[in-house]
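What follows is a set of notes on a single structure, which appears directly below.
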């Protein structure tokens, strides 16, 4: 069942998203060569205490941390550890908070130090895919319109979208209906209506889209060890368009 949000509820979700975006920005700034992802998780937890919010991910289905840190071929759900980041790494940061009972969910992938041309290209493609997908997030369009737009653009740039993992509705729970795939057919899926709040999150790989679950049973990585990228925003469907809730 899709749960539609009132204007007052979206005000709370906007505040949740704003705080998540502010903290995510700080994590991006701190992601430098030599820093461990454990330290980034500690920073996230410190900042959440300062903002008086709770982590959206910690203990969700047993996940042990407050931020997902996915390096290079790890697409999503990487667990922070004591391995120092290296010059040239790609780091996916997936983060959300709970404010007044309302969830937010947002993600970026950043280059650590100096990254390769191919890595920069992948980031540009994924970031633009999110932007193009969000343009389709208007009343009367469908989840298929979003997914088809993302898929066609990503594939036109020589990359591939992950099929096993998708975007989602969000609200009082982290994952609500509807699913928002990054692939599909135009006009298919669920019709978007005012009051829906969804997380749009292209997850792409610079090569075949095959992924596998890592031994920790959380992270998903490219089978062929290709670089991956992930960008995400929580978006509210408004009367005539959409509003990005996860912006500072």
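The backbone N, Cα and C atoms fix where each Cβ goes, glycine too.
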Further binder of divalent metal cation 1 named by TrEMBL next to 94, 105, taken from the candidates 232, 243: 232
Residue in 77, 168 which TrEMBL records at the divalent metal cation 2 site where 105, 201, 232 also bind: 168
Cβ-based neighbourhood (8 Å from the centroid) of the divalent metal cation 2 site, residues 105, 168, 201, 232 excluded: 94, 106, 107, 167, 170, 180, 199, 200, 233, 234
Cα-proximity to residue 94 (divalent metal cation 1 binding site), 10 Å cut-off, over binding-site residues 77, 168, 175: 77
From 105, 168, 201, 232: binding-site residues whose CA lies within 10 A of residue 77 (substrate binding site): none
Residue 168 (divalent metal cation 2 binding site) versus residue 175 (substrate binding site) - Cα distance in angstrom: 6
C-beta crowding around residue 105 (divalent metal cation 1 binding site), within 10 angstroms: 27
Among 94, 201, which are binding-site residues, the residue with the most C-beta atoms within 10 angstroms of its C-beta: 201
